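Engineer: Structure in structure tokens, see below.
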């Protein structure tokens, strides 16, 4: 028989009792008083926070958007099927957030970060980032001095974009806005291959699923999906998903920015987000303002776009940045940037309506696309006269800045004289020369879709245009000259192209570019 020591048993029981801590878990809940159109009014959540996630009885999540004296207004993230008046709603204490990480690259996700591309779950290191976050303070920012190459001749020469800038793409439907953005993503491949990637986030709002599928296929064909995250809220998704899609995309971009890397985010387009936000605001019974938009529609876009910035290079200062999420506190590095290209759709070219004027005033410049130019075969259909980049010029490399210095002015002068020439046929030789030069420059700026140009090629052909080397070439042969000219430079003077991309420019390079142009002209046009 075992020798049982009752003293030991007594001591063990006492220890277990002393180690036991009973903890009351307080769960705050409320009751749905009415629900409809994706919005629920709930009584009882007196301590709810704006932007907090709440959970319904069937597991569906919602976000608190209205805080009133007696109840809170909640938008549902998903279908309201199975939810009814009298159901319980529980606070989670969590602010709306999304899991982000490098493992998201190459995937298609929704506004909640859930993959929808049929490739299974996302595996890897993920970090929780809030959807809503304060923009970096002034002391944590640096001036925009590093270029973001788009590969589009008209933009890189006359409307340059810098890393950390916010440049609006604006125009009517079917003028090539999305194409400009996708071409910019494709052009980042060479930087990815060189080990200095610009990670891209393409946020689609209110588009058809078939359109997204074609964009994914296009990026795959150009090997651009490996450094891109596609976040989509389709036309069939709820208004809430469309409103929060840009915020989710920005959280992903901020992860790359705050860990010392460069990122580019495209919002396609914020007009549809504004419409979805108007729908939610009206359902929440907020007072409508101009064009029935709520009073805080400007704040919706300003707080979103202000988060795009160039972070200071000093790691010590960057580590103290305001409002850093705890999940990435130890990964903060300086020198990162988040560049944004918001897209706005106009109606009949009217840039003076409410949403376009709001976003123009928030951003650092705009690229305006015109239907008339598009229909006349000038593609990309950029009106360089009213397009502007307010901070990008300081980020332009030396060689491009020197060669394209008078380019925009020349084209503006050409536009003015061209319209004037329609009223009379008697023009002096100087005016005729300006018009002929302008027409050839327009031919130079034309570009096929999904075919971004190397920076060195851009500089070389723009040099030929600005120095009037094409004056003897027929207008319909300018593209033929361009092809032969760039091929010859690539075959015989590839080192010159490399020097131009490094910012080098001198009389020797000018001489080579002149001689090559003359050789091509003498061979094919004389």
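Just so it is clear, glycine is given a Cβ too, placed from its N, Cα and C backbone atoms.
According to Swiss-Prot, the protein carries these features:
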- 171, 172, 173, 174, 175, 176, 177, 178: ATP binding site (BINDING)
- 387: site 'Required for activity' (SITE)
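Have a look at these and tell me how they're positioned relative to everything else.
Structural biologist: Long-range Cβ neighbours of residue 176 (ATP binding site) (same chain, at least 6 residues apart, Cβ-Cβ under 8 Å): 369, 374, 379, 380, 381, 449. In the three-state DSSP assignment, the secondary structure recorded for residue 176 (ATP binding site) is coil.
Under the three-state DSSP scheme, residue 387 (site 'Required for activity') falls in the coil class.
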Engineer: Determine the most Cβ-crowded residue among the binding-site residues 174, 175, using a 10 Å radius around each Cβ and all protein chains in the structure.
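Structural biologist: That would be 175, with the highest Cβ count within 10 Å.
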Engineer: Please list residues from the chain of residue 173 (ATP binding site) whose Cβ is under 8 angstroms from its Cβ, counting only those at least six apart in sequence.
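Structural biologist: 345 - these are the non-local Cβ neighbours of residue 173 (ATP binding site), listed in sequence order.
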Engineer: In the same chain, outside 171, 172, 173, 174, 175, 176, 177, 178, whose C-beta lies within 8 angstroms of the Cβ mean position for the ATP site?
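Structural biologist: My list of surrounding residues reads 345, 369, 371, 374, 381.
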Engineer: Please list residues from the chain of residue 387 (site 'Required for activity') whose Cβ is under 8 angstroms from its Cβ, counting only those at least six apart in sequence.
Structural biologist: 158, 159, 365, 366, 367, 368
